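Visitor: Quick one: the structure is below, and I'll ask about it shortly.
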């Protein structure tokens, strides 16, 4: 199964270290930020250790890796021109890094309209993406399905479709389908996932989905909260998520876990990914997973 998680990329090893971390977690793919998601500090492309990273990926059988754009990008902002301009400029540079790393998709939160209304936010996102998607490369921007927290744009399939329809080079737009976000937005991810896919296909088209974020949710359906939970421990539940990751629609799509680290002590939190992947690959839920992780 083409499944992995968000892994770190830092120090001198950079991409090579990401591949090694993913391998230790028994992953077949992984997702990275090119730097801290909260700021714009980035290393030069030549310092990302890409060649050694690719060699490690080949050795460990890792493929279809994904980049995630930082949270600070908000091209839906109609109130502050400098925030919009920073977002456009930084997204262009992130696409260059994504191409150099060899990833096909960079996941982007569409943005927040900060009070101007979703229609105004969508117009601004379209403006920004039309500025960004002019340089000639193969990198796709994967718009993420959002939970609808605050003034987030992208809480419905229709909002995402509006963005896609307004962008000139929309062959370079894809979708990152997030199970937690879509559940929190009010879609029946737990109880009737095939109808959700059917609706998505009618509004956007299943061929647009190029990344799957696999997360349980701490919240009831429609809560608009966006709080991830470990696989099988939330309101979506193991059976539904297991069904989703084994669904034929996602067979060749990278499936990325973004579930929380385990442990009460903030200084001793541990990644759950190896165990969550094992549960999904064996299709068997282990209610003692968290205790097992902390006892290792």
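Cβ from N, Cα, C; glycine included.
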Visitor: Taking Swiss-Prot at its word that 226, 228 bind Zn(2+) 3, choose the one of 181, 183, 275 listed for that site.
Guide: 181
Visitor: Of the candidates 105, 178, 184, 191, which one does Swiss-Prot list alongside 144, 213, 258 as binding Zn(2+) 2?
Guide: 178
Visitor: If Swiss-Prot gives 109, 144 as binding Zn(2+) 1, which of 68, 82, 169 does it give for that site as well?
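Guide: Record source Swiss-Prot; matching candidate: 68.
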Visitor: What other residues of this chain sit with their CB within 8 A of the center of the CB atoms of 68, 109, 144, the recorded Zn(2+) 1 site?
Guide: 69, 71, 107, 108, 142, 176
Visitor: Which one of these binding-site residues has the most other Cβ atoms within 10 Å of its own Cβ: 178, 258?
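Guide: Going through 178, 258 one by one, the largest Cβ count within 10 Å is at 178.
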Visitor: What subset of the binding-site residues 68, 109, 144, 181, 226, 228 lies within 10 angstroms of residue 258 (Zn(2+) 2 binding site), using C-alpha positions?
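Guide: Of everything listed, what lies within 10 Å of residue 258 (Zn(2+) 2 binding site) (Cα to Cα) is 228.
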Visitor: In Å, rounded, how far does the Cα of residue 109 (Zn(2+) 1 binding site) sit from the Cα of residue 178 (Zn(2+) 2 binding site)?
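Guide: Checking the Cα atoms of residue 109 (Zn(2+) 1 binding site) and residue 178 (Zn(2+) 2 binding site) gives a distance of 11 Å.
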